[in-house]
Structures are given as structure tokens and as C-alpha cells.
Amino acid sequence: MVKLGINSLRVYYRREHHPFLYRTSFKTFTSTALSSDTGQPKPTPTINFSQVFQECSNKKLPIHVGKQAHSHMITSGFTPTTFVTNCLIHMYIKCSNLDYASKVFDQMPHPDIVSWNGMVAGYAGYGYMELAQSVFDSMLVRDVVSWNSLISGYLRYGCCWKPVVLFLQMGQVGVRPDHTTFAVILKSCSASEDLELGIQMHCLIVRMGFDGNVVTGSALLDMYAKCKSLRDANWVFREMPVRNWVSWSAMVAGCVHNDQLLEGIELFKEMQREGIGVNQSTYASILRSCAGLSSLSLGSQMHAHTLKNNFGTDAIVGTATLDMYAKCNNLVDALKVFDFLPDHNLQSWNAIIVGHVRNDQGFGALQLFRRMQITGVGVDEITFSGVFSACAAIQGHLEGLQMHGLAIKSGFDSNVGVENAMLDMYGKCKSLAEARKIFDMLGRRDAVSWNAIIAAYEQNGNEEETFSLFLKMVRSGMEPDQFTYGSVLKACASGEALNRGMEIHDKVIKSGLGSDVFVGSALIDMYCKCGMIEEAKKLHERIGKQTVVSWNAMISGFSLQKQSENAQQLFSRMLDNGLTPDKFTYATVLDTCANMASIGLGKQIHAQIIKNELQKDVYISSTLVDMYSKCGNMADSLLMFNKMHERDFVSWNAMICAYAQHGLAEEAINAFENMKLENVKPSSATFVAVLRACGYMGWFEEGSCYFQSMVDDHKLEPQLEHYSCMVDIIGRSGRVKEALKMINEMPFGADVVIWKTLLSVCKIHGDVEVAEVAASSILQLDPQDSAAYILLSNVYAEAGMWSEVSKMRKIMREKRMKKEPGCSWIEVKNKIHPFLVGDKSHPECVEIYNRLDTLMKEMKWVGYNPVKYNNEEDEKEE
């Protein structure tokens with residue numbers, strides 16, 4: 001021990017206003033200095049080197065104080081003992097200065113086992129496993145601490161098998177493991193989910209008498225829980241002679257890990273009754289349970305519990321709390337918790353960003369990311385994955401490119417999780433070339449990578465490449481999961497590829513995913529869209545656990561097949577089974593009400609929506625606007641639109657379409673202009689509605705301007721629907737030849753609908769030549785289309801070409817074609833009454849036809865000449 005000049009230390013402590021800490025941190029000894037007041041020897045503070053180094057290791061003193069002490073020790077000629085040198089090594093290791101620690105160690109004349117163990121632990125603690133192994137191999141004598149340091153180092157940096165190998169070697173050289181050794185090895189079993197090895201370790205623990213140790217017991221139950229053997233974990237927990245808060249926390253976390261969320265909450269309650277203190281990890285587990293259950297009320301209670309126990313400002317608990325609120329769709333409270341935290345670490349930023357993405361708030365997530373960058377907290381793979389998902393949600397290709405550049409700059413572009421998120425973003429932003437480039441450059445492709453690229457091609461309508469990639473995935477040895485099958489089955493549905501869909505169904509059954517709800521719902525959707533509604537019904541009945549998703553798929557399938565009544569009956573069955581519909585269920589059923597003009601049922605559905613507090617949802621509100629307008633109730637449609645809390649392009653489209661369908665073209669155009677004033681970007685569907693409105697009014701100039709604006713100002717590629725509207729607008733203005741020219745100059749082939757539109761305007765203007773071209777084109781596409789003959793026959797009749805009319809009817813008789821009978825229906829006292837042309841099946845048909853004759857007489861009396869069409873009479877002509 002030597003007297004150390006302490007002036008620098010005294011000045012430091014006075015400057016930092018810690019006189020008490022100065023007096024109590026160092027041992028004071030006596031020197032021969034004289035007091036200026038009494039002339040008597042005065043105590044002079046001296047310091048113990050080992051104590052300074054220990055204080056610096058514990059972060060009670062800054063590192064430069066320890067370095068000064070080390071410097072003084074060298075210049076003073078003091079020869080440190082092994083203990084002092086070990087304290088110095090430990091200080092440098094704790095302060096992340098391994099180079100200095102290594103130099104001190106190399107200069108030790110007689111390092112003891114503590115010195116060697118310190119270097120092994122130091123290198124292992126910072127991930128320098130080769131150096132740690134080298135020091136370990138150089139040791140002449142090793143104790144259990146030496147082995148534990150090396151074993152835990154390998155485990156900490158992701159190597160699960162090496163600790164087991166070292167454990168076996170440890171036994172071979174006769175070193176007896178302790179409770180720390182077993183705790184580390186059990187963590188290795190947990191990380192690799194190797195239950196069989198974990199059971200063997202359990203047997204050895206019992207044999208060596210460590211089963212009563214609380215540390216080993218806690219590690220043991222944690223291993224069983226993470227290896228999906230919760231029953232064994234619970235048995236170990238109940239058999240433990242002593243349980244502390246670590247044991248309880250491990251058991252609660254195990255329940256959450258195994259999706260036994262309610263059991264975890266009950267265990268937490270039992271823990272409180274036992275008087276066990278609550279810690280960060282326990283709160284984090286319970287809040288995850290609340291999030292998994294989507295139980296906002298229980299989560300709010302747990303939040304209050306954390307505040308009561310002074311964990312409100314804790315970073316770990318606060319992050320779990322805001323994550324819970326975000327997963328319970330309460331983003332407002334999640335933000336409040338985030339703002340309340342005194343310090344925002346990387347995890348809390350990630351949680352709030354991901355929470356915004358999960359709640360479809362992509363723009364908000366990007367704004368938070370910008371704030372995060374200003375703080376300098378840094379980024380990790382979770383940050384990039386969340387922000388790329390935000391770019392995908394808003395289809396922000398430019399923002400995605402910027403994030404891609406930042407990922408490269410930050411060195412995360414080679415992280416497989418970030419690459420997968422990037423790939424998914426490019427796919428959803430319709431940048432297939434960039435998505436494919438990233439996929440082809442991937443060093444390692446996992447199931448998520450394959451799923452992302454397959455989904456990208458499916459979402460962009462490239463069914464052939466979707467199937468091709470699926471086959472490549474299977475040939476590569478990667479087993480498809482439910483998400484893979486979901487994307488491939490969607491491709492089969494959109495392309496109506498029934499045969500391929502059935503092949504995929506066979507593979508699903510062989511893979512054991514036939515009873516999976518997600519895959520089952522995708523299969524139901526595929527069969528419905530391919531017209532196999534009966535097969536879809538069988539699948540729906542066979543699904544073991546019918547969820548809202550599977551019911552939605554079936555209801556949507558009936559709706560797509562124009563079986564609105566069946567869809568509504570299925571909706572009633574769903575309610576009878578106790579399931580709570582979601583917004584997609586309500587939207588689909590409201591569509592069926594709109595298709596059948598069933599306003600009574602529509603109002604009942606509306607009442608349920610209000611009861612379930614879903615009316616604020618923009619998707620639901622837009623569907624209600626559409627339903628009321630199609631049921632002829634324009635006043636309620638407008639009322640719903642005006643009461644909407646938020647309006648997106650779907651809402652405006654619904655309102656513009658409503659006006660157009662009711663012939664209110666001027667109101668439709670005004671709504672479109674108001675939409676632009678509110679900075680809502682129009683979609684392709686918006687311009688379809690606007691062009692239809694122009695067509696109703698015969699506005700050729702306005703329609704042409706809007707069509708050109710769609711291309712030039714809004715950069716939208718015209719589709720068949722837009723060309724069909726323009727053909728109608730141009731044709732109605734008398735420019736029938738120009739309409740035909742537009743069809744011929746389209747960048748893609750015309751369909752039956754657009755030719756029928758042209759044929760209809762030919763009837764208005766009596767253009768027989770163009771009508772014959774249009775009819776011929778329709779019959780080339782669909783030779784059995786009776787409507788082409790009927791429309792052309794009407795054109796001939798308008799032109800007085802009766803011989804051609806007779807020829808058309810003769811062809812129809814020879815081909816046994818009949819005009820598809822018109823159908824109408826009316827809802828009376830919640831019952832639908834359908835009527836076909838010439839139908840006499842209704843029980844009150846006599847009274848109905850009598851009333852119809854009376855109406856016809858009244859029409860003639862006021863000057864109208866009604867035409868009574870009879871199929872049988874037409875057949876008897878000639």
C-alpha cells in the first residue's frame with residue numbers, strides 16, 4: 001500500500017459536488033504532514049489502489065480516474081500484488097478496454113486462476129470467442145468458473161451446440177458442474193428447443209442433488225416452457241421447495257410463450273396472493289398476455305398496477321405497455337405512454353413505430369422514424385423492418401428507396417429480416433423488378449423470403465410466375481407454410497385456375513395443413529371464385545374451428561356468385577353460432593343488401609354496426625353510403641357521407657358513384673372537384689364514376705378533358721372500364737365512327753362489355769354498319785351470347801330493315817337461343833318476392849297481372865303505348 005497523490009481526485013469530487021462520496025469512498029491513513037493551525041501531525045488522505053480500481057469497475061468513479069491511479073502506480077515504483085493487478089484487469093474489462101486488460105495480464109509475473117478466468121470472461125463477454133478459447137486452452141489449471149465463463153460466452157453469441165460439447169469435456173476432465181453451469185446448459189437447450197437433451201440434463205441435476213437449488217430450478221422450468229412442454233414446466237415449478245420472483249416470472253413467461261395467456265394471468269394473480277414482488281419481466285409477460293387477448297380493459301388494469309408499483313417510467317415495462325395499447329388498437333393511449341417515458345430507448349421507439357404500422361398508420365410511423373433519427377438512439381433490424389412495412393402500407397416507393405439507401409449505409413442491407421421486409425415493400429409498391437433483384441441476391445433464403453416474393457407476384461397479378469416460384473421453393477427443399485399456400489391459392493382464385501387449385505389442395509392435405517383455418521379460408525375463397533360453391537360449402541363445414549375469417553370467405557363467395565340470399569342466410573347462421581362479425585363481414589353483407597335493394601335488412605345491419613361501435617370505420621361508412629344509394633335512398637346515403645369522421649378515396653368514390661347512378665351528374669362532378677380540394681388522390685375507380693356521370697349528361701367535352709386529366713395529371717393508366725365510358729360518351733354525341741376508332745386503338749383487346757356499349761349507341765344513332773362490326777366482334781368472343789343478336793335486331797328494326805330482323809330471330813331459333821328473361825324483386829315485410837318475365841309461379845299472380853293490365857290501360861289513357869313482350873308469340877312468328 002502506498003500513499004497516492006489525491007489532489008486530482010479531490011478536485012474532481014469537489015467539482016462534482018460529492019464531498020460525502022469522497023470521504024467515504026477511500027480509506028484514510030496517517031502521514032507526517034503538520035497542521036498549520038496546531039503544529040500537530042495532520043491526517044493526510046491516502047488511497048488504496050485496489051479500491052480505486054473496484055470503484056471504477058462498479059462505475060462509481062469515471063474510467064479516467066482509474067487510469068490516473070494506474071499511471072501513478074507505475075511511476076511511483078509500487079509493485080502491485082496479484083490481487084491489485086486482478087482488480088486492475090477487472091476494471092479495464094468492465095470499462096470495455098480489453099487491450100489495456102490484455103497488456104496488464106501479459107505483464108503479470110505470476111497470474112493466478114482469477115487472472116486467467118478474468119481474461120476468459122472478458123473476451124467471452126464481448127464476443128471475442130477465439131481469444132477467449134485461446135486463453136482458456138493456455139490455462140494449466142481450470143476450475144468451474146473457467147468452464148462457466150467459456151460456456152456462457154458461446155451461448156450468449158448464438159452458438160447452442162458448443163456449450164454442450166464443453167459441458168461433456170468438463171465432465172471428462174473431472175470438473176464438477178455447479179448450479180451456474182446447469183443454468184447455462186439449460187438455456188442452451190431452451191435456445192435450440194432440444195427437449196430430449198433438456199430431459200437428460202434434468203436427470204443429471206437430480207442425480208447430483210441440484211434439483212433443490214432455486215437458480216437451477218428456475219432455469220429448468222424455463223427450459224421446459226421454451227421447449228413447448230408447459231406441463232413439465234408447471235410440474236417442476238410446483239415441486240420446487242423454494243420459489244423466488246425469478247421462478248414465478250419464468251413460469252408466467254412460459255405460459256405466455258406457449259399461448260396459455262389466461263393461465264399466465266391466473267398465475268400472476270396467485271403470485272400476488274403469495275406476496276411475491278413484481279419485476280420488469282413479470283409485467284412485460286402479463287402485458288403481452290393482454291395484447292395477445294386484445295383485452296384493452298385488462299391491459300388498462302395492468303397499466304394501473306404498474307403505476308401503483310412505481311414502474312410507470314421503467315423503459316421495459318413502458319415499452320410493453322405501449323405495445324399492448326397498440327395491439328389493442330388504442331394508438332392514442334400508446335402514444336401517451338410513449339410520451340410519458342422519461343427516456344426513449346431503441347426498443348420503445350421500435351414498439352411505437354411498429355404499433356403505428358399495425359394500425360395502418362404508415363405516415364405516422366415514418367414521422368416517428370424521423371423523430372427517432374434526430375435523437376441519435378440508433379437503429380436495428382426491427383426498426384428497418386417496421387419502417388419498410390410502413391412504406392409498403394402507404395405504397396411509398398420513393399420513401400422505400402430512401403430507406404433502402406439508409407439500410408445499406410447502416411450495414412443492415414445483408415440482414416435477412418431487413419431484406420425480407422425490403423422485398424415485401426417493393427412487391428406492395430408494384431416494383432417487381434427490384435423485388436426480384438433483392439430475392440436473387442439473397443445469400444440465405446428462408447421461408448419468409450420465399451413467401452414475400454411469391455406474394456409480390458400474386459399481388460401484382462402475375463399468376464404464372466407465382467406458380468413457377470412456388471415450384472422452385474418446393475424443389476429447393478423448403479416446406480411451404482400456410483402463408484405460402486395462402487398466396488398461391490389467391491393466384492388460383494384470381495386466375496380462376498381450378499385445376500391448379502385442386503392440385504394445391506391435394507398438397508395441402510398431404511402437408512397436414514388441411515385443418516388450418518387460414519389455409520382452409522383460402523381454399524374456400526378459391527373454390528368460390530372458381531364457381532365451385534358446393535365444394536366451398538363442404539370445406540367450410542369440415543373446418544374444425546370455424547373463425548370469422550372462414551365465415552367471411554364463405555359469405556363473400558356467395559356474394560361473388562350473385563347468391564345474395566344465401567350469403568344473408570349464412571350471415572344469420574354465423575350470428576347464431578355466437579361469432580362476432582368484423583368490418584369485412586358487415587361490408588360483404590351490406591353489398592348483398594345493395595345488390596338486392598334490401599334496405600330493410602341493410603338498416604338492421606346498420607343498427608348492429610352502431611351497436612358494435614364500428615360506424616367510425618371509414619371502410620364500413622363507405623359501404624353504407626353505397627348501400628343506401630343502391631337501395632334508392634339517396635338522402636340517407638348523403639347523410640352517411642356527411643357524418644363520416646374521416647374520408648378516403650373509397651368514401652369519395654362511393655359518393656360520386658351514388659350521384660352518377662341516380663342521374664345526378666352535376667352533383668357527381670361537384671363531389672369530384674371537392675375531393676380534389678381536400679387533397680384526396682383520385683383512383684381509377686373515381687374516374688370511372690366521373691366518366692359515367694359525363695356520359696349520362698352527354699358531356700363530350702368535359703368527359704374528354706377528365707379522361708385526359710386522368711392520364712396527364714394523375715398518371716393513371718386507362719383500363720377497359722375507362723375506355724368503355726369514353727366509347728359511350730363519344731357514341732352518344734353522335735361520333736360513332738370515332739368510338740369504333742378508339743376501340744381499335746386501345747393498347748389491349750376489347751371485351752364483350754365495350755362492344756355491347758358501342759352496339760347500344762349504334763341503336764341510338766341508327767348506324768347499321770358499325771353495329772354489324774360490333775355484333776360480329778361480340779360473337780367472336782362469345783358465340784352463344786344472345787344479347788348480340790337482340791341488340792343487332794333492334795338496330796335493324798330502328799332502321800326499318802325487317803328482313804334482317806327476321807333473319808336474326810331465325811338464327812336465334814336455329815341455335816336455340818332465348819333472350820335472358822328480365823328479373824325484378826321487391827321486399828315486403830322482410831320477404832323477397834322475385835318476378836321473371838312471363839312468370840306465373842307467384843301465389844298471387846292473378847291479382848298481379850290484373851293490376852298490371854289496369855296500369856297498362858292507364859298508361860294508354862295518358863298517351864303512352866306500352867309494348868307487351870311474349871317469348872312464345874315470338875317463337876310462333878313465321
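Glycine too: its Cβ is placed from the backbone N, Cα and C atoms.
According to TrEMBL, the repeat 'PPR' annotation covers 112-142 (among others). Taking the repeat 'PPR' (112-142) as a whole, pLDDT averages 91 in the prediction.
What TrEMBL records for 143-177 (among others) is repeat 'PPR'. Each residue in the repeat 'PPR' (143-177) gets a DSSP state, and the totals come to 25 helix, 0 strand, 10 coil.
Annotated repeat 'PPR' per TrEMBL: 244-278 (among others), in sequence order. The DSSP breakdown of the repeat 'PPR' (244-278), given as helix, strand and coil counts, is 26 helix, 0 strand, 9 coil.
The repeat 'PPR' feature in TrEMBL is assigned to 446-480 (among others).
Taken from TrEMBL, the feature repeat 'PPR' covers 516-546 (among others). Within the same chain, residues 482-483, 485-486, 489-490, 492-494, 496-498, 501, 505, 508, 552-554, 556-558, 560-561, 563, 577, 579 sit at least 6 positions outside the repeat 'PPR' (516-546) and bring their C-beta atoms closer than 8 Å to a C-beta of that stretch.
Beyond the repeat 'PPR' (547-581), the same-chain residues lying 6 or more positions past its ends with a Cβ under 8 Å from any Cβ of the stretch are 517-518, 520-522, 524-525, 527-529, 531, 533, 536-537, 540, 588-589, 591-593, 595-596, 598, 601, 608, 612, 832. Annotation source TrEMBL lists repeat 'PPR' at 547-581 (among others).
Feature annotation from TrEMBL assigns repeat 'PPR' to 648-682 (among others).
Within the same chain, residues 416-417, 419-420, 423-424, 426-428, 430, 432, 435-436, 439, 487-488, 490-492, 494-495, 497, 500, 507, 511 sit at least 6 positions outside the repeat 'PPR' (446-480) and bring their C-beta atoms closer than 8 Å to a C-beta of that stretch. Under DSSP, the residues of the repeat 'PPR' (547-581) split into helix, strand and coil as follows: 26 helix, 0 strand, 9 coil. For the repeat 'PPR' (446-480), the DSSP counts in helix, strand and coil order read 26 helix, 0 strand, 9 coil. Across the repeat 'PPR' (112-142), DSSP assigns 23 helix, 0 strand, 8 coil.
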